Amino acid sequence: MYCNIKWLNRSLIYYGGAMSSMNTNERIVPLLPLRGVLVYPTMVLHLDVGRDKSIQALEQAAMDENIIFLAMQKEMNIDDPKEDDIYSVGTVAKVKQMLKLPNGTLRVLVEGLHRAEVVEFIEEENVVQVSIKTVTEEVEADLEEKALMRTLLEHFEQYIKVSKKVSNETFATVADVEEPGRLADLIASHLPIKTKQKQEILEIISVKERLHTLISIIQDEQELLSLEKKIGQKVKRSMERTQKEYFLREQMKAIQTELGDKEGKGGEVEELREKIEQSGMPEETMKAALKELDRYEKLPASSAESGVIRNYMDWLLALPWTDATEDMIDLAHSEEILNKDHYGLEKVKERVLEYLAVQKLTNSLKGPILCLVGPPGVGKTSLARSIATSLNRNFVRVSLGGVRDESEIRGHRRTYVGAMPGRIIQGMKKAKSVNPVFLLDEIDKMSNDFRGDPSAALLEVLDPEQNHNFSDHYIEEPYDLSKVMFVATANTLSSIPGPLLDRMEIISIAGYTELEKVHIAREHLLPKQLQEHGLRKGNLQVRDEALLEIIRYYTREAGVRTLERQIAKVCRKAAKIIVTAERKRIVVTEKNVVDLLGKHIFRYGQAEKTDQVGMATGLAYTAAGGDTLAIEVSVAPGKGKLILTGKLGDVMKESAQAAFSYIRSRAEELQIDPDFHEKNDIHIHVPEGAVPKDGPSAGITMATALISALTGIPVSKEVGMTGEITLRGRVLPIGGLKEKTLSAHRAGLTKIILPAENEKDLDDIPESVKENLTFVLASHLDEVLEHALVGVKQ
């Protein structure tokens, strides 16, 4: 609603006594709601009216002395206001002129008459009418009122001089007004205040109170204008200083150009300064960077230190300080990506989905620090990349294998020639975001020497309570790593220091079963190798039984790395046949695998074909997963020597001695000659002799093999066993049960004897493996012997 405001210089209706010469009884008049415009009594202005009900109200007023009630809406965006949407106090006005415009709207000239209050809201079909009653002003006409009028005029005059938004002619018009109420209304209309405040002034009946209110409002406006003026002066001075600096720098450039000095760094410094200010780095870091920049500006370009500082500035600006990728908080989609890239590995996938779920609820969770432990080839590194994809995060990998210098992690101090940041800061630069998935690969392969311990430097990186303030020796300023999701990989935990291990969440990844390997080969390895060797699915078909043949007789691993190499070999052979023999299709079956890969490399099935005396099959946990361990015992006449061979470690030797002592203490019960240790030499050998072996879990296996050799009772070829033995014959729990069980399954064993306390670990073993194995839970060696020795009553 547009308006042109004009004020009458005469008192049309009232002032000085009664408010109006009109009938003060209640009367019904049409309502014209106003949006963002307020009309005071005696005000004349143009209004553009376009709403249907408003046009109908004007037409209704034309039939009844052109009288209409003007009331302001509380909210401007309401097109059809109801009773609660308009203010109850408004102005009765007279329509002086009405003109219809080409666009269908009406332009009307109205003149405010007096204040009125709505008594009843009457809404009809096409028009809204209101029952109103006249509001009479409270005029006292005393000396205080005159003093207030004079004070108001003085403040208004000062306001006009400062603001320069009101003309002197307007002030002259205002100064001629003698009625206090009209004076207050006239000044209120010229003040740049909100319409809500203007409505409040309209609703004030007491003229004195209205004058007081306006004096207070003008004083507030004067203070605001004074503050604006001060701020403007500060801005002006700042701009003048900036312009002066710019002018001087331009002069310096011109002088350098005239002198032929090409080493001036003015433009470069300004560019660096702008980049620093826009980088988003913390305030303290920014101060340090600007301080270094000032040093750089003063140094000659030929100075060696100038190059050091410039390199430092480049590193600071290359780091991500605020840039972050938005996490994909879609559990279903993330799970789909993880399942597509990797088969199995449910624990890791579940942990990632748990992190996403908590992140969705809190949006403030620190990045987890995971450590994936498992044998080579099970997909630890590639899984970390899939985690990054599922989270929609950038991925960066740092290999820690062979790192033995603490400066590799923390960087070198800038005082050294060729100093650089450590691998963590270098990785963050590559990541280009503050929340990447950061892979610390082969964390168990670090070592230490006289230059420091890199694993100790990682303690700060992998501590959620400290890594928000990580300090690199080169950067020398704190860098926030708390939003990074660290994923470490290791083949074994034994070489990782305890404090570092304590900071990580360990997730063990055991080897794959045969069925899992077949699935991985079918869905992932074979399509990849076909593509790399230029073959199509129609050129080479590998049946499942052929894949199983390759897994059993050409690989002996927990992962699938060797399996992939063997499949690649099959593809190469097939490619050669297709090119030379011009055959378009090759089908690999169980029978022709030997033609492509040659003779079997490994023997699948039972370690021994017959039950043997003095030989028992143990289960071992290695860096490559699990494996079977044949333990041989030979008894020969001698002087009671106990010989241990097979490159055994101290713990394994002590297990053999504990088993030997247990058998001596129960020789009669076991039906063994009590003096056997004096008349015989006993030799325990654990092949392969060149491979180091250690650990307590072969205790019951050595005890069983010893008893078998001393009693002449053979050990069942179908049984594998694992467990630590005590001098009392108790069987203690061991670790790595899943890996050991998978190795027993690969070897074709059908029965496994394990400590009773390891029963809880059976849940981790795949059902496809459990179906083919019988588990015997033993708490004492007697139970082991019942199931391991052939012919012993159970």
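Placement of Cβ uses the backbone N, Cα and C atoms for every residue, glycine included.
Quick look at what Swiss-Prot annotates:
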type     : residues                                                       : note
DOMAIN   : 29-222                                                         : domain 'Lon N-terminal'
BINDING  : GLY374, PRO375, PRO376, GLY377, VAL378, GLY379, LYS380, THR381 : ATP binding site
DOMAIN   : 610-791                                                        : domain 'Lon proteolytic'
ACT_SITE : SER697                                                         : active site
ACT_SITE : LYS740                                                         : active site
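Recorded features from Swiss-Prot, shown on the structure.
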| residue | record | Cβ contacts under 8 Å, 6 or more apart |
| --- | --- | --- |
| GLY377 | ATP binding site | GLU557, ALA558, GLY559, VAL560, ARG561, THR562 |
| GLY379 | ATP binding site | HIS342, LEU345, ILE509, GLY559, VAL560 |
| LYS380 | ATP binding site | LEU372, GLY374, THR489, ILE509 |
| THR381 | ATP binding site | ARG397, LEU439, ASP441, THR489 |
| SER697 | active site | GLY618, LEU619, ALA620, TYR621, THR722, GLY723, GLU724, ILE734, GLY735, GLY736 |
| LYS740 | active site | LEU619, ALA620, TYR621, GLY626, GLY720, THR722, ILE734, ILE752 |
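With all protein chains in the displayed structure included, the most crowded Cβ environment within 10 Å among the binding-site residues GLY374, PRO375, PRO376 is that of GLY374.
In the predicted model, the domain 'Lon proteolytic' (610-791) has a mean pLDDT of 89.
Taking the centroid of the Cβ atoms of GLY374, PRO375, PRO376, GLY377, VAL378, GLY379, LYS380, THR381 as the ATP site, the other same-chain residues with Cβ within 8 Å of it are LEU372, THR489, ASN491, ILE509, ALA558, GLY559, ARG561. Cβ contacts within 10 Å of VAL378 (ATP binding site), excluding its own Cβ and spanning all protein chains shown: 26. When secondary structure is read from DSSP and collapsed to three states, GLY374 (ATP binding site) falls in the coil class.
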